[in-house]
Every structure is written in structure tokens, then in C-alpha cells.
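K.L.:
The structure is given below, and queries will be raised subsequently.
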Protein chains: 2
Amino acid sequence: MSDTTPAAYDDLLDRVGRIANVSHASDLLSWDQQVMMPDEGTPARSRQLSTLSAVEHDLLVADELGRLLDELETADLTPEQRAVVREVRREQERAVRVPTDLVERISAASSEALTAWREAREADDFGTFAPHLRELLDLKQRYAEHVDPDRDPYAVLFEEYEPCLPLDHAEDVLTTLREAVVPLVDDIRGADADLATDTFAGTFDADRQEALVRDALDDLGYPWERGRLDAAPHPFSTGTTYDARITTRYDETDPIGALLSTVHEFGHATYTLGLPDEAHGTPLGEARDLSIHESQSRLWENHVGRSRAFWEGFLPRVVEAFPAVGDPSVREAYEAVNAVDPSNLIRVEADELTYHLHIVLRFEIERDLIRGDLDVTEVPAVWNEKMESYLGVRPETDAEGCLQDIHWSHGSFGYFPTYSLGSVIAAQLFDAAEAEVEGLDDAIRAGEFDPLHDWLTDRIHRHGKRFETNELVSRATGDDVSADAFVDYAREKYGSLYGL
Amino acid sequence: MSDTTPAAYDDLLDRVGRIANVSHASDLLSWDQQVMMPDEGTPARSRQLSTLSAVEHDLLVADELGRLLDELETADLTPEQRAVVREVRREQERAVRVPTDLVERISAASSEALTAWREAREADDFGTFAPHLRELLDLKQRYAEHVDPDRDPYAVLFEEYEPCLPLDHAEDVLTTLREAVVPLVDDIRGADADLATDTFAGTFDADRQEALVRDALDDLGYPWERGRLDAAPHPFSTGTTYDARITTRYDETDPIGALLSTVHEFGHATYTLGLPDEAHGTPLGEARDLSIHESQSRLWENHVGRSRAFWEGFLPRVVEAFPAVGDPSVREAYEAVNAVDPSNLIRVEADELTYHLHIVLRFEIERDLIRGDLDVTEVPAVWNEKMESYLGVRPETDAEGCLQDIHWSHGSFGYFPTYSLGSVIAAQLFDAAEAEVEGLDDAIRAGEFDPLHDWLTDRIHRHGKRFETNELVSRATGDDVSADAFVDYAREKYGSLYGL
């Protein structure tokens, strides 16, 4: 800190650092719960997480923190310091406005809803989940009203996940996506192409998959001294710039699934690792929210891991690891990892293109539910109609339809759009990287990922929360957040793949 | 809770539960640091642990907690509730009396001392560690003075680890031990016995050692659904009744080391697992301090794992795992795991008998240092003299002498005695179990450990901190804490082994 830094700013950083430390401790406890904890450890772990969450909340709503923020909002600060104050104030304000007992009620209701959702999905019976969904919607509407009674409640909830990209802007992106992707998928469905989707068909030992995945992470430059790879039922990435861990999942019939899922999580981890050490524990050392995080994972998964250049370099490694695949061409590998399947009903299994329609559908339904424009009982019918209209398929069961995702039973309304936003930002960033990093394609082909990694660190990672979402993207790419780059990329890629 | 439970008692449990949850979260973070964390994760982890420690302290010294304790000390409570109030008061009082900045200074000084100790041990130069030791002694003397200026500072510090067994009582035990063990070791040194110490000599693959250790844990009844086994440089056990984890260490030249170390940690874990689920998060669901904890590990390690009965049952498993050991007799195995080696200078490698003299020596030195009866500069000379007098050997270097243990660089003065206390209590408990559990020896021989386990759970585990240390032991065994049972056991065991 310079000599002119107000004492209140140092106090603020001290308090903010404690909040961050508790939050990172919770993250580690959650990682352990999903990766290491024995089966019966849940009762104690739940209590630990619940106490840490309460401690974090108490630290955030402390009067003294509010007083420091008041003082600093009129103090003479650097732009970085002002960004810190802005970010802390945003979180603090929300925490102060929402009563603790409402947060606890949401937590309790979602805990019950989670069990009900599992049972409903098992029994393929939306009716038993409906009352839980209704209660959560009601509680989250109240939550939004506490935060700001004068604004669209869905916009308020969206800000929990994407606090500084206005919903209007996000909605434009999603509409553009839908209007471009629906006809493109329609064209693909009508195309007379026969892609080599069985290039990697077979059964593949999980240990060899793990060895291959570790090789890929070595190539990508994952720093093992600051990370680790483990298996988890639902792959995720978590941690800090000092310790950013990846998990993956091995399916014996789908070796490429583990590989690309790991590359995806690597993208998340590399963002976390690119945050500046010296700002650890402050907003300048924290990732800019979910869509930017997802842009990093999608960029590595789709623009690197599904690129022709990557497969030109990496295919021999796959063949070496799994001789049973024979001797496929790069074209066959490229087709296998990029084939579009509009008939797939399940979001998490969807290809890169149709994925967006799964998201748009969920976004439209949850928005209307929160705004009160749709009743819970109508969800299965609306879901199935939209599936038919966007993708040309109709789920036969709710288990394969509106009960497939966990998010709503967590009370997460406003989360889904961040997936598609991440994807379109990934396309924008990759375009800009291609324009600025000389020989990027050749580097990827040669297994040299440092140039791309350095560019991303410079443009995105090292800034933490210094800039708001749109400013961060437009500084990196020259453009506002938009679906255009993705749409161009998709038209070219799938046009070429499907001879459109 | 019954209808007559004062509301203040429920409030107390709520607050105490939060403190326990934070403490258990810290335990998990430490486990991860030692077992899973990548090398460069330390800066973030240290901050997380430091914040959680501060949070725990703040919760403990909160005015409201003190007020609740005041109210409950005159309330109409059950004996269990009174025990809870007694235990919380003890911790709260100490936390309130010691200023936070002194705690932080001790933490900072011990962090520096730890580095200095590592370097001093490496360079075999006590002189560079001495100023750090002096500073820590000074700070801990001040700490003791804050807790109680009118009492022996060493007694006060001892209570950090063993809060409810008076130091006088502990000192009697240690004196009895020294007076009995020194001549017994002397007799052994002079005995004309040739024990089969090379029964398990050779090189043994770590993976096979792990498989054997897991088999042993299966036999012992370790519940994997509430635990796990991992490798760590310094084996330890940690967790809660829902999730009690073990670590061990594989030395390719010493397969029995990993086995017995694991049985030792199993003893700790089984205590944690035997604490009542329903009292989790209260003192009635927490272990009664270090000596009782150590009594459980020593009982399993020494009275089970080094017993002839155990080896009658388990030797075939070892032979099967490591065919290279040939076909040793039970007597040879028994001799190998029970041989006494007075010439061993290193405490952590010491046998079951001479171990106590290593402890008595450290106890006498640290007590005199804290009381101001010994100067830091005198430590190496006094150490070496006592080694010669108790064990008949003299270290040639400080690295093998007074620099061998980490404890003092942690600022831990008063910890060492709990190891020997645990061992004597183990002997008392095993005597009582043998008298009360019919066919105990046969059960151990047959690999049936449930009867012993059930007896220990009934007598020790399930009570948590309900009784103070001596009362707990005397309810379980009929006797006060004493070295007599151990001395009798040792005279008989080593008399027979060495033909004395």
C-alpha cells in the first residue's frame, strides 16, 4: 500500500481477507466432501459448512464493515481501490438486505427439495417435486424483493451469479443465440452427412484414461505444484491461485468424455491460477463471476480441445493409449468430437451447438416462473413444447425432461444463462487471441499452449474483479459481450462439417 | 433436552456447537495440508487456518458465552449438563485470560522457531536454535502468568494438554516409571539373550505393505464408511465420530513399522469413532484430552499389536504378504516386535520400554526450563548427561540429541508427559479388560476384536468429557491413574523375553 492509502482501506482489506479465507476453507470442505470424505461423514460436514457460512455472513454484515465502506466511498482512492470498494459493497449490501432467517429457510427448503427431486426423478413424477419447486420460487421471490422491491425479481436473482452484466444485455445474447442456432440445427438435421461418430467406440480401462488425461494436463501446462487431479461423480474445479484442483469422471465407454471434461476443468483452474498471488484474499484476486469463469473452461474445451489443430497434435497420444481405436484419421477424430445430435434430450450430454437451446429453454421457463408468468404445474408441458420447437424432439418422461437438472432444487434461478454467456465470450476471446497471437493454430498443433495461456492471463486472469464483466470483455476483445462471434464460428464450423 | 432444561443451556450448546464446527473444519484443513495439498498451497492454507483460529477464539471469548456460563453455574442441571458447563468454562476462562496479541506473538515466534529448528537440526548446531527456544520459553511463561500468576507455570502449561490430571499426580507417575524402568533396562542390557531381531529383515514393496495394513484394519474392525487410510510423512489420526481418518508411513526396510504405526493410529481413531453421535459438537462428544487418547493408541499398538496372541493369529498374513521373510515362528515374530534397544537415541524409534526414559528426560528438562531452574544454554549438556544416566548412551550430536523433536519449536511445553501417561493408562485398562472380558486372549488370537472394542467403548469412549481424567480411569479400572500396572506388565514381559 502507498503512504496515502487511507487506514480504513487497510482495515477493509483485513476484514475482506478474513471473509475470503472462510470462504476458501468452505470450498476445501466441499471438495473433500465430493472427493475424499467417507460415506457417513455427511452430518458433521454439513454442520461445519453451515457454521462457516454463518460466520462468513456475520463478517459481511458487521456494522464496522459498512462504516468502512461508507468512509471509503468518499475517500481519495486509486482505480483499483475503488474497484475493491465497489465489489465489497455489492456483496455487503445484498447480505445486509436479506434477513438471515430467510437465507436459512431457503437453505432448509432446498435441502428438502433436493431429496424430493431425487425421488421424483427416480419415480419420473414431477407432481411430487412441484410443491417443493413452488415453495422455493416463493422464497426466492421474497429474497429478490428484499434485495430490491422495485426491480424485476429475475434480474435481481440473475445478479447472484452474474452481478455486473445487466439481464437485458444477457437476454439479447440469448435471443440472438436462439434465433441463429434453431435454424442451424434444423439445417444439420436435414443435411446428408455421415460423420464418423464411432471413431472412439469401445471399452477403455479407467486407469489408462487417467494416464492419458494426466498427459494432456502435462501438455496443457497444468502446474501440479499448485493443483491435483481426482475423480468425482460430477466433475468440478475449485481452489485458490495457490491450489486450484480439478476433478474428472471416467466412463469406460467414452474416453474422450473424460479428456474433454478435464480440459474444461483445466480451463476453470487456469483462470484461478492466473489470479494474482499478491491480491489473494481481495476482490482483485478473485475471479470475475460465472460467465467469465465458464468462458475460460469453454474456450479450452471447445476452441482448443475440439479444434482440428489440437487433434492433429494429440491424436497419436490417444491411439498410443488405446490401440483398440485402430488408426483413425484426424478428420475422423475431429468429426467424432464435434458431431451434433439434436435428438439428445439431456443437457449435460449435449453437443457444443444444441447445448445453447437447452439453456435458452431453461432460461425462459425459470424467468417466467420467477416473474409469475408461468405456473409450476405448466412446467412439464412448456418444457416439452419448447424441446419440440427448438430441437425437434419431445421427451417421453419428465425424468428426461424438466426433472433432469439439479439447479432448481438448489433454489438456483438465474444460473443457467451463465453457461451460454460463457460460451459466447469464449468465442469472442478466441477470435481476439487468434488475431493477436501469431501462429496460435500452429502452436496448438505443436502442443504449445503457453502463448494462448499467457494471452488469457494478460487479458482476463490477472485483473480479478478489477473491471465489470462487459468492460473486461471489451478491453480484451474490442467488442461488447455478444453472440455474434459464436454464431459466425458455429456457422463456419458446422457448415463445413455438415456440408451446408 | 428435557422440558426443564434452562434456555441458557440450549443457547450454550448452540454456541459450543459452532466453536466445535470451526475446530473440526480446521482439523480437516490440516489433514488436507499434510495428505493432499499440492506443495505450493501453503500461503493460502496458512491464512485459512489462521482466520479459523481467530474465529474460534472470538466465539469462545464472546461476552454472551461468559454470561450464559455465569447463569448456568447456579442453575439446576443434570450431572451431564454440569460436566458440559465445567468443560466449556475451563476453555473459555483460559481464552479470556490470555491476550490475543500474546497468542499471535507465540504463533509468529513458533513459526520462526520451526524454520530455525529445521536448520539447526540440519546443521547440528543447537546455538542457532537457542535464541528461538529462549523467546518461546519467555512467551510461554508470560502465557502461564496470564492464566494464573499464583501457580507453577509448568503446571499451568501442562493443563493445556492434560487439563484435569494435576501435575503432582502426573509427576508421581513419571517418577515411579523412571525408578522402575532404569534398573529394568540396565538388567536387559546385561542379560545374555539373543532375540530374533532380524525376523522381518529385508526390503518390502510399499504397495504390498499398504495391502497388508488394510487387511489388518479390516480385521480390527475399522469402519471404512467412517474413515480412510492415507500416507503422510508423520502419521497421525484426525476427525470426528462421523469421519475419523488414519494416516501411515511406509518404510521399505520396515514392514512392521507401518503395521504397528497403523494399529496405533487405529487406536486413536477408534476412540474418536466411539464418541456418541448424539453428543457431537458438545464436550460430551469430545475425547478426554491427550493422555486418554494416547492410552487408546498404545493399548492397541502395544497390548494388542505386540502381543503373542495377536501374532499367533496374524503372522500367517504377514508371511503370505511377504514370502521373503521365510517361515518364522510366532516366538521369533514376538521377539522382533518387542526387542529392547537402549542404544537407540531417537524417541520416535524407541521401543515400548525405553520410550518412557526419553519422555522422563524431556519432561524434567522442559519443566526446569519453564520454572527458570535451567538455562537454555545448558540443555545439550543436561540432555546428554541424562541419556547416559537413564539409558547408558550419550548422543554424539545435538541433531541426535536435544534437537530431535519438533515439540519445543512449536512452543509445546507440557506435551511430552502425556505420551507416558497414555502408556501407563493403557496398561491399566488392558488389565481391567482382561479381568472382565472373558476369553480376551483367545479372541485376539482368533482375530476377533469386537469384545475388546466394546469394552473400551463402554468404559472410555462413550463418556466423552463427562468425567475428569482420573475419575474416568478409576471408574474403568478401579484404580487411580498409576504406573504400577505398566511396571508389573513390563517386568513380566521383559523378564520372560530376556530371561531375567
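Cβ coordinates come from backbone N, Cα and C, glycine included.
Remember, it's a predicted structure, so these values are computed and weren't measured experimentally.
Annotation source TrEMBL lists Zn(2+) binding site at B:His264, B:His268, B:Glu294. Annotation comment: TrEMBL describes B:Glu265 as active site, proton donor/acceptor.
Situate these features within the shown structure.
P.N.:
The Cβ of B:His268 (Zn(2+) binding site) lies under 8 Å from the Cβ of B:Ser237, B:Ala244, B:Ile246, B:His293, B:Gln296, B:Ser297, each on the same chain and at least six residues away in sequence.
Cβ environment of B:Glu265 (active site, proton donor/acceptor): B:Pro235, B:Phe236, B:Ser237, B:Ile246, B:Thr247, B:Thr248, B:Ser297 lie under 8 Å away, each six or more residues apart in the same chain.
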K.L.:
Compute the mean position of the Cβ atoms of B:His264, B:His268, B:Glu294, which form the recorded Zn(2+) site, and then list in sequence order the other residues of that chain whose Cβ is within 8 Å of it.
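P.N.:
Counting only non-site residues, the set is B:Ser237, B:Glu265, B:Gly267, B:His293, B:Gln296, B:Ser297, B:Arg298, B:Trp300, B:Glu301, B:Gly422.
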K.L.:
Measure the Cβ-based neighbour count of B:His264 (Zn(2+) binding site), defined as the other Cβ atoms within 10 Å of its Cβ.
P.N.:
23
K.L.:
Far apart in sequence but close in space: which same-chain residues, 6 or more away, have a Cβ under 8 Å from B:Glu294 (Zn(2+) binding site)?
P.N.:
B:Thr418, B:Tyr419, B:Leu421, B:Gly422, B:Ser423, B:Ile425, B:Ala426
